[in-house]
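These notes are about the structure you will find just below.
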Amino acid sequence: MSLTSFTLHRRSVVLAMLAVAVAMGVFRFVTMPRRADPSFTIRTAQVITQWPGRDAERVERLVTAPLEKAISTIEDLRIEKFRSTTTRGQSVIYAELSATMSADKISETWEKVRAKVEQARQELPKDIVGPIVNDDFGDPSVMLLAIHEKGRGKMQRYTMRDIEIYADYIYDAISLLPGVFRAEISGVRQEAIYLETTQENWAGVGLTLDELGKLLTARNITASGGSIETDRIRIAVETTGEFDAVSQIESIIVRYDASGAPIYLKDLGITVRRDYQDPPTIMARFGDTEGDIPCVIVSFVMKKTGVKVTDLAEQARQLLHRMQYVDKAIPPDIAIDTVFDESVFVENKISDFMVNVLQAIAIVVAVAILMAGFRSAAVMAAAIPFVMIMSIGIFSFLGVDLEQMSIASLIIALGMLVDNAVVVCDNVRRFLNEGHSRMKAVIEGVRQIQMPTLMGTLTTVFAFLPMAFLISGEKGEYVYSIPTVVSVTLLSSWVLALTITSLMAYWMIRPDPPAGAKKPSLVGKLIRLLRRRKGAPPAEAAKPQTESGTPQAESGLIHAYGKISGVCLGAKPLVLGITAVLLVGACMLPIGSQFFPDDLRDILYIDVWLPEGSSLEMTNRATGQVEDIMRELSPYEDESFSGERLASYYSSVGGSGPRFALGVDPQPAQSNYAQIIVRTTDPTVTDRYVREIRRAAARKIPGARVVPSKLALGPSSDPIGIRVYGTSATDPGFADMAKLRQQADKVKALVLNTPGTWNVHDVWGDPGYRVDVKIDQDRANLAAVSNAGIAESVNAYYSGHHLTVYREGDHKVPVFFRLPPADRGQIHDERTMFVEGTAGKVPLDSVAEMQPKRTIQKIERRQKNRMIETRAEVDDGLLASAVLAGMMPKLNEIEATFPPGYSIEIGGEQEDTVEAQGELVFAFGVGVMLIILVLIYQYNSFIKPFIILATVPMGAIGAFLGLYVTGNALGFMPMLGLVSLAGIVVNTGILYMEFAEEKIRNKLIAGEDLAQQGQKSCNGLTRAAFRGCLVDAGKLRLMPILLTVSTTVGGLIPLALFGGPLWEGMSWMLIFGLIVATALTLLVLPALYASLVEYVGLTLVKLPQQDEE
């Protein structure tokens, strides 16, 4: 018993099973996690090492390079992506895992990295801090909350320590929410206690830094006092001598004078001051159009599975409201402002996409009603919700969440999922027209097409499915839901076509009425109305009907097609030649490439860079200027918007804040960098606002690189990146810096002079200044002064010497000794500086001299070699690929001038695009091979599959034309669409081939129009009869083919118009590709088929007895 027969005879069972499937799908839809974009695993970890006070080159040689050597021995790392950044006092190595590594093995590999780092630690300098392996910085935050005193400007009532305490309360509460994976506090201003005195005074104080540190440590004790043993219990004894006030530090007794009176620390001319660390490590503030105020940020990351971002955010909002207004744990004059809330975007995005789904359904149903009549359209429309709900229930178990990729994939599949219903309705009606009973018409009609429709479904599935397994890494995880959702949906549509659609057809489909008695369809009525308005005579009452019951109003189109197809068959070489020319022309269209487009959101971010070595205060001033520009440009008015564009912002000076988007990489702490996260009042104003801020900042803040950016969709890279590598035969891994800089400057000059580029910079930056203390070892030995003692004394004067830690509960405040602020802003004469030795303090100039010099501040390495990369943005309206292509001839000329061992490598978007293209081409190749296997199985032939595959380049003609006409680039998503287009257009060829060969076979069996001796034999028929079969097959299948294509195109239109930048290019490519491929297939495929039979003499259709022979 076939599946269709079982359905018709066991309707209650099948309907009950359908109800269960629908209930499961609805339940999964309601409960499945929701997010804006698919999550993908960041396969990168940082190995961070601090070596305070050492210059970049020394850190590179003694820390970075040894760690690179140790870590690179791990097999699962991508050496081509292995890179590091070394600055003064800091080394940061970025280790990236193989893209093919499964997510469950990532933690294990990071443990291997930690083990290698720990082994290498034994060979590193003893006074380093770290190394620390950070593999947990990739997950973006769901919400960023700014905690601050209400109002703007200076804080009046609360200190930053107060704000930090309230932020801790919020942090603790949010961490306990069940869906929170990790919470984080950032932007905290660290406190410090400073012991300050002048150089002259310190020289006369009979106290060394070590002695001062011991005095403080002895007072600030935390050592155990032992325990008291009794007969029954042990009682712990603990001394609690921690400082409770700065005054206690001042009252520490240093020694006693001759009369026995105590001499306190404050009597030695040493000022004790509690303040925030100066310079601070980071400065954070929240602002809007009214001004700004210092703040602390609390952020949290949700768990990757089983959590709805909208529910979690709502729980957080309710928690905050309860803490502040019910429990009163947060005072009412403390503000909790939302800097970033992913849930709002997710809710809006999913809502918009669901509207797109409904629009697509409406278009598909409308097209079906216009072209197939109400009854057939009702059957097709009934299939849509059942297929979609059942598919959601299935793919939710395959790791797919509800996000824009999965919803858009449903829209893509929507037009295709009715194809099987179209074929079922058409074939059932054909059997009914032949006089069969409804039961037999449905069972036999579906049985006849169940294998061809399965093969057609599999060809489309196999075009998509390889992407789920062959695109690796972040890109593969990002697009995983597309092949998964489309494949599940199409296979579900085939199963339901054989069951529920067949049952609906049994109830709804009726045979065509006799000629002359048929009530005109809606299209027929419209045609007749137009004929009357033009004065044409009314059509005769009795008109012949087509085999599928197509109304007479449509037969004019069929008749026109028959004429055109006949002409094409008579001019086959010309038709095939024109098609080849069109294909070549389409491939030569000037279409640029772009890896992923920018998103349309109410969020932008601004990177502020000052020259290497700039102080945090300078960076803070530049950031303040950018904020003023944002406020100044906020008011805006045009035909669609009027009001303020700036809603709020959060500035993090000295390093980036918490990661808020997967496409924005966090920057490590550095004094010359700041990041501003800006929330606009409407997504439509973001693009223009970004451009205006960039132009104003370039004009008003010279010397700073201000880079406003929109959020990118998917993994992102710099638009242009050109790397210059250097090697050394005598010192491997350490190319000569001067030579490397010389070659890189040539590339940088080219990029600077290329029209359309901006924010041109190299990753090493400009050299900065340092002061070398050149020690005379002989004199130092005579003065009993060590190198370490000199370094410690000089460091104490300027940066501050760490003495101890002051504790307030779990809050720790470091205590430093240093010069007063007024004395630390200049380089002092060595004669007024004193250093400590075992024999006392001596002037610095007696043992060393200070020499200012310019030096490299940052060293970038890649693949364990020194490398300088020149990066740049491109102007709006330009594509990085086009700008880079214009530079390539000169780049090649520049590389030819390089000395041996120096080379150029292209990075940025181009590198990512080439890598993605390679994987997509491989996936395309695998998909084509699977399609060929399906067709070989279906036709038991090698030639016929390749005839059908000729439709693929016809789709490419329309695809490239669509990108060119709509102005879209060939990015990652359009490339993915091009791969999937291959499986979709093949169905048209399959439908045509099935009926063309059936026509030829019927004539051969009936013995009609057979070629006689002396006549040209075309597969056993006369030429005219053979061509007539090809034309009739096209006429017979024209309307079903147009219906399936029209529903697919109709379903894609809302995605193309309203789906956003990510889907626009892909949707238009599919729309144009399908339309052009369908038109060409119905004309070119018959010409190609006829050429193989008429010119080559192939016999493509054989009778059963011929197959046995």
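Just so it is clear, glycine is given a Cβ too, placed from its N, Cα and C backbone atoms.
Because TrEMBL annotations are produced automatically, they should be read as predictions rather than curated entries.
Here is what TrEMBL says about this protein:
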REGION    534-553  region 'Disordered'
TRANSMEM  12-30  transmembrane segment
TRANSMEM  353-372  transmembrane segment
TRANSMEM  379-400  transmembrane segment
TRANSMEM  406-428  transmembrane segment
TRANSMEM  449-471  transmembrane segment
TRANSMEM  491-509  transmembrane segment
TRANSMEM  574-596  transmembrane segment
TRANSMEM  920-939  transmembrane segment
TRANSMEM  946-966  transmembrane segment
TRANSMEM  972-993  transmembrane segment
TRANSMEM  1041-1063  transmembrane segment
TRANSMEM  1069-1092  transmembrane segment
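For the transmembrane segment (972-993), the residues of the chain that approach it from at least six positions outside its boundaries are 412, 416, 419, 423, 452, 455-456, 459-464, 467, 475, 479, 482, 486, 595-596, 714, 913, 916-917, 920, 923-924, 927-928, 931, 935, 938-939, 944, 947-952, 954-956, 959, 963, 1033-1034, 1037, 1040-1041, 1044-1045, 1048, 1062-1063, 1065-1067, 1069-1070, 1073-1074, 1077-1078, 1081-1082, 1085-1086, 1089, judged by C-beta separation under 8 angstroms. Below 8 angstroms of C-beta separation, residues 451-452, 455, 458-459, 462-467, 470-471, 945-946, 948-949, 952, 972, 975-976, 978-979, 982-983, 986, 990, 993 of the same chain, each at least six residues beyond the ends of the transmembrane segment (920-939), sit close to that stretch. Using a cut-off of 8 Å between Cβ atoms, the transmembrane segment (379-400) and the transmembrane segment (491-509) share at least three residue pairs, counting only pairs 6 or more apart in sequence. Long-range contacts of the transmembrane segment (1069-1092) within its own chain (CB-CB distance under 8 A, at least 6 residues past either end) are made by residues 412, 561, 564-565, 568-569, 572-573, 575-576, 579, 943, 947-948, 950-951, 954-959, 961-963, 965, 968, 974, 977-978, 980-981, 984-985, 988-989, 992-993, 996, 1018, 1026-1027, 1030-1031, 1033-1034, 1038, 1041-1042, 1045, 1048-1049, 1052-1053, 1056, 1098, 1100. When Cβ distances are compared across the two stretches, the transmembrane segment (353-372) makes contact with the transmembrane segment (1041-1063), since 3 or more pairs at least 6 residues apart fall below 8 angstroms. Long-range contacts of the transmembrane segment (406-428) within the same chain, counting only residues at least 6 positions beyond its ends with a Cβ under 8 Å from a Cβ of the stretch, are 38, 350, 353-354, 356-357, 360-361, 364, 368, 372, 376, 379-380, 383-384, 387-388, 391, 395, 400, 441-442, 445-446, 448-449, 452-453, 456-457, 460, 481-482, 484-486, 489-490, 492-494, 497-498, 501-502, 505, 509, 548, 980, 984, 987, 991, 1040, 1043-1044, 1047-1052, 1054-1055, 1059, 1062-1063, 1070.
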